[in-house]
Ligand SMILES: *[C@@H]1O[C@H](CO)[C@@H](O)[C@H](O)[C@H]1NC(C)=O
Ligand SMILES: *[C@@H]1O[C@H](CO)[C@@H](O)[C@H](O)[C@H]1NC(C)=O
C-alpha cells in the first residue's frame with residue numbers, strides 16, 4: 001500500500017507492543033488508568049488524537065446531534081425484524097421483556113414519512129415513481145428529459161451496486177415503523193453464548209481471518225494463552241491496511257454497543273420500578289486493560305476509529321444535503337425547513353474538524369487489485385448485515401441492523417466514485433443518491449458512536465473515584 005501510512009502504522013504498532021509488554025512491571029494503576037491510559041494521544045492508522053476528538057464531539061457535536069435525532073424525520077425507522085436468519089436456525093429470545101420492540105401504530109407516523117418512505121423530496125419522488133413504473137412497463141417515459149431519465153435510472157440501478165448492505169425489504173408487509181426514542185438501545189439481558197455466537201461468527205467467518213489464527217476470546221470466557229494473542233496481533237499488523245480497517249470497524253462497533261449496554265444497565269428491577277444507569281463493573285469487564293489482557297484499550301481505540309470513519313463520510317456527503325431540492329420531508333413545512341438548517345449546521349461543524357481520516361489511503365494501489373479488494377470488503381460487509389437477522393433479541397436486532405446499515409451507508413459514501421468524480425466545485429452531482437432509510441440510519445448510527453464517546457467521559461469520571 002502506498003504512502004507513509006503503512007510505515008506509520010508499523011511504527012505505532014511497534015510502540016504499542018513495547019508499551020503493552022512493559023505495563024506488567026509497572027506499579028499498580030488506578031481503575032481509570034487501566035481503561036484509559038493507553039487510550040490517549042495519537043491513534044493508530046490516522047493522524048488524529050483522542051483529546052481533540054473528545055473535545056470536538058462532547059461539546060460541539062453531541063448536543064446538536066441529539067436534538068436532530070429527536071425530530072420526527074430521524075426518530076421513525078422502518079425495519080423488518082421478522083426476516084429469518086439465513087445462516088442457521090435461530091432460537092430467538094423474544095420472550096424476554098427487555099428485548100421487545102414496540103412498533104408504531106399506523107397513525108403515529110407522520111403521513112409525509114409514510115408516503116415517501118424510500119424517497120427524499122416530493123419532486124424527486126414523483127420522478128422516481130414515474131421511472132419505476134416506466135421500467136416495469138419496459139420503457140422509460142419519454143416526456144422526461146433525457147438527462148433526468150438517466151439520472152433517475154442511475155439511482156434505482158446503481159444504488160444497489162454501490163451498497164455495502166443488503167437492502168432491507170422495507171416494502172414487505174412485515175416491515176414496520178419503530179420509534180427509536182421509545183425503544184432505546186440499552187441493556188436487555190441478552191448475553192452469554194447466544195450473543196457471543198453472533199460476534200464470533202462475525203469475527204471468525206467474516207473478517208478475512210484464516211481459521212488457524214485465534215482471536216483473543218471474550219474475557220468472560222476461559223483464559224487464553226498469551227502466545228495466541230501475539231499471533232493474532234502480529235497477523236493483524238501484517239494485513240493490508242484495508243482488511244485491518246475492516247476488523248477495526250467491526251471491533252469499534254462492538255465496543256460502542258458494549259459502552260451503551262454498560263451505561264444503560266438495568267440496575268434495579270422490581271415490580272415497582274426499573275432503574276437504568278452506569279454499571280462500572282460491567283464496563284471494566286469489557287474494557288479494563290488487565291481484566292481483558294490488554295484487549296480493552298484496543299477496543300476503545302477502535303471505537304475512535306469508527307468515529308473518524310463515519311465523521312469523514314458525513315463531511316464528504318455535505319454537497320448532497322446542500323442541494324436546494326433536498327428536504328427532510330415529513331410534510332410539516334416549517335419543521336422540515338428548521339431541521340434542514342440544523343442538519344446543515346451540524347454538517348458544517350463536521351466539515352470544519354481539522355483532522356479528518358484520509359480514505360484515499362484505502363484502496364489506493366494498483367487499480368485492478370484495489371477494485372478486487374473493495375469488492376471483497378463489500379461482500380463481507382453485506383454478509384454481516386445479513387447476520388443481523390440472526391440476532392435473537394429483537395431490541396438488539398433493531399439496533400444492530402440500524403447501526404450496520406448506517407456504517408454501510410458511510411462506506412458507500414466514502415468509496416462511491418460518483419461522489420468523488422462529480423461532487424466537487426462543479427456543484428452537486430445528481431448521480432449520487434441516498435434513500436430516507438439510509439439517511440436515517442447514517443445519522444442515528446453516528447449518533448450512537450457519538451454517544452459512546454461522550455459516555456467514555458462519564459465512565460472516566462466514575463472510575464476516578466475507585467481503585
Ligand atoms: C453490574 O454488572 C456486573 C457484571 O456484569 C453484575 O454482576 C452486577 O450485578 C451489576 N450491578 C448491578 C447493580 O446491577
Ligand atoms: C457469510 O457468513 C456466513 C456465516 O458466518 C459464512 O459461513 C460465510 O462464509 C460468509 N460469506 C462471506 C462471503 O463472507
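Numbers run from 1 along the shown chain.
Glycine residues also receive a Cβ, built from the backbone N, Cα and C atoms like all the rest.
Pulled from TrEMBL, these are the features on record:
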ACT_SITE  393  active site, nucleophile
ACT_SITE  396  active site
BINDING   186, 188, 199, 251, 254, 286  FAD binding site
DISULFID  94-99  disulfide bond
DISULFID  393-396  disulfide bond
SIGNAL    1-23  signal peptide
(request) List the Cα distance (Å, whole number) between residue 251 (FAD binding site) and residue 396 (active site). (result) 17
(request) Please compare the recorded positions 99, 393, 396 by how many other CB atoms fall within 10 Å of each one's CB, and tell me which has the fewest. (result) 99
(message) Within a 10 Å radius around the Cβ, which one of these binding-site residues has the most neighbouring Cβ atoms: 186, 254, 286?
(response) 286
(request) Indicate whether residue 99 (disulfide bond) is helix, strand or coil by DSSP. (result) helix
(request) Tell me, if you would, which residue among 188, 251 (binding-site residues) has the fewest other CB atoms within 10 Å in the structure shown? (result) 188
(request) Spatially speaking, which of the recorded positions 99, 393, 396 is closest to residue 286 (FAD binding site)? Use C-alpha to C-alpha, please. (result) 396
(request) Give the number of CB atoms, excluding that of residue 199 (FAD binding site) itself, located within 10 Å of its CB. (result) 16
(message) Cα-Cα, whole number of Å: residue 99 (disulfide bond) versus residue 393 (active site, nucleophile)?
(response) 5
(message) Max CA to CA distance in Å over the FAD-binding set 186, 188, 199, 251, 254, 286?
(response) 20
(request) List which of the binding-site residues 186, 199, 254 have their Cα within 10 Å of the Cα of residue 396 (active site), in sequence order. (result) 186
(request) Please report how many Å separate the Cα atom of residue 199 (FAD binding site) from that of the residue listed as 'active site, nucleophile', as a whole number. (result) 14
